[in-house]
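In what follows, a single structure is set out as structure tokens and then discussed.
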Amino acid sequence: MSLTRRQRALQSGKDASTSLIEFPNGLPPAPPTKHREKLTEVEQQLKKAEAAQKRRVQVAKAAKESEAEAIRKILGQDSNRKKREDKLKKRRDELAKEKAANAWTLPPNTIRWVIRPTRTFITFSEDVGLPSIFSSKPCRLSSSRGCQKPSSIHMRGMSSTLKHFNTHLQRPSLLSSETRLKMERMSKPLDWKLVGCSIANEARLNSDIAKLSLSGSNIKVSADEKSSSMSLPEEQKRMSLVGRKKNFECVERVKGRRVNVLQGLELHTRVFNDEEQKKIVEYVYDLQRMGQSRELRERTYLEPQKWMRGKGRVTIQFGCCYNYAVDKKGRPPGIIRDEEVDPIPPLFKSMIKRMVKWRILPTTCIPNSCIVNIYNEGDCIPPHIDHHDFVRPFCTVSFLTESNILFGTNLRPVGEGEFSGAAKIPLPVGSVLILKGNGADVAKHCVPAVHKKRISITFRKMDDSKLPFKFSPDPGLQGIQPLGSSQMNKLPAQQVPSQQNSQNQNQMSNLQNQNRLSNSQNQNRLSNAAPDTARKMSRSPTQFGNDDFPPLCATR
Ligand SMILES: O=C(O)CCC(=O)C(=O)O
Ligand SMILES: [Fe+2]
């Protein structure tokens, strides 16, 4: 039998009367061993519960913290993080700025043409070497057009010095970035030359067209100006080669009277040489492409639907909006004063200058508008008299293919785009036909369906009372002087030997007198001529003899 420790102790006490410890009130209660074990379990459970609770609290706390962290993140309240982000953003901005600044730095021998809604930027690479006018302080030329949203060309050189020129060659709002890039690529070489034109046109009113661009092919302005500029003797030589026919005759009976219906016409040949013609034609094509991609103002470019042979001539008009026929709004033919088109481009202004300087157009009638006609094979311009919203004389310059222009009081259709008339004048390429007098106002004219592609540019001055409301004169077309007058006198002596100069002037005034005389003689002759003679003359108005092309200002 197993004994408890107490029983064992009692037993041992019985055995020894000399016990050291006595318990008079009985033994103290034995320690409750089982109870103690039970409590420990509870305690343990409690402890476990406490620990579990602690863990729950910790988990909840961690969740709360991460939630708070997330909220802080969202609200951007983590100052360190924010600082880092700010720094990054700043760097990004700096890089963007750097990139923008570098965007203007071009590879060598390059020009960038960027069209912005309000202005056009032209940037030259360092090595292009802009002429000294670009190292002057930026200056703004007064607006040459009173257009609503004038855009300007900003010429950027190495030190970002700018020149501002007006341009309306595009409808910025319609330009896609793709078109801009295309245009940049497409027009670089030609625009470059145009830029050259602008520079010289705007900077030096009376400088020569050849100096500007037409005969130069170099890409650099400075080189271009140097290599292509014609010296005065060279220019005089070119001018002396111009053929001038002024005695066209074709008699028709008008209101019972015999009239030379070609009186007043003049044909000036070899005004623009092959190279110049090529550049002008290329430029016209560029304008056409711009028109097709709607980069020109709305009424500038017109490409009618080709609904029959002869009808479909493309026109590009500058300076004013001319209405060919009663339009949708019921407006009659003539200049629409409240419509705007693009202004005359620099290259065409250079042509005008040459024609005035070379005494083809009078200084009193400097054109301020022009229309480009692009005839594809089979296209024609039907019989008409140019509207009197345009003053006389006006002129038309021919390119690509020689075609006939018909004149007569009665031009009859004889087929699709074909006409018959009293007189026909072949228009050689590079020639200028001046229309005034009976040739402009008594006879009608037309160009029958062309056999090969042809381009003509008609330059006209608007009647002052018909100017578009927002028109303002182009400073580049003011004060042009004919060669041999003030222009020559202004030149330094070493450039023009004084003897040669005065000789030229004498020859010129003699010739002018001769021309004036021969014109009046012709008129007298005509009015007195027998009907037969007049008819004979009218049959061959275009048989030119050597005398028909007297050099006006010979330097030989
Ligand atoms: O194309 C031509 O030469 C003539 C053009 C014409 O008559 C005009 O534009 O009024
Ligand atoms: Fe005409």
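Positions of Cβ are set from backbone N, Cα and C atoms, glycine also.
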In TrEMBL, which of the ranges 1-47, 48-94 has the region 'Disordered' annotation?
-> 1-47
Where DSSP helix means H, G or I and strand means E or B, what are the helix, strand and coil counts for the domain 'Fe2OG dioxygenase' (366-463)?
-> 5 helix, 52 strand, 41 coil
What is the pLDDT of the domain 'Fe2OG dioxygenase' (366-463) when averaged and given as a whole number?
-> 97
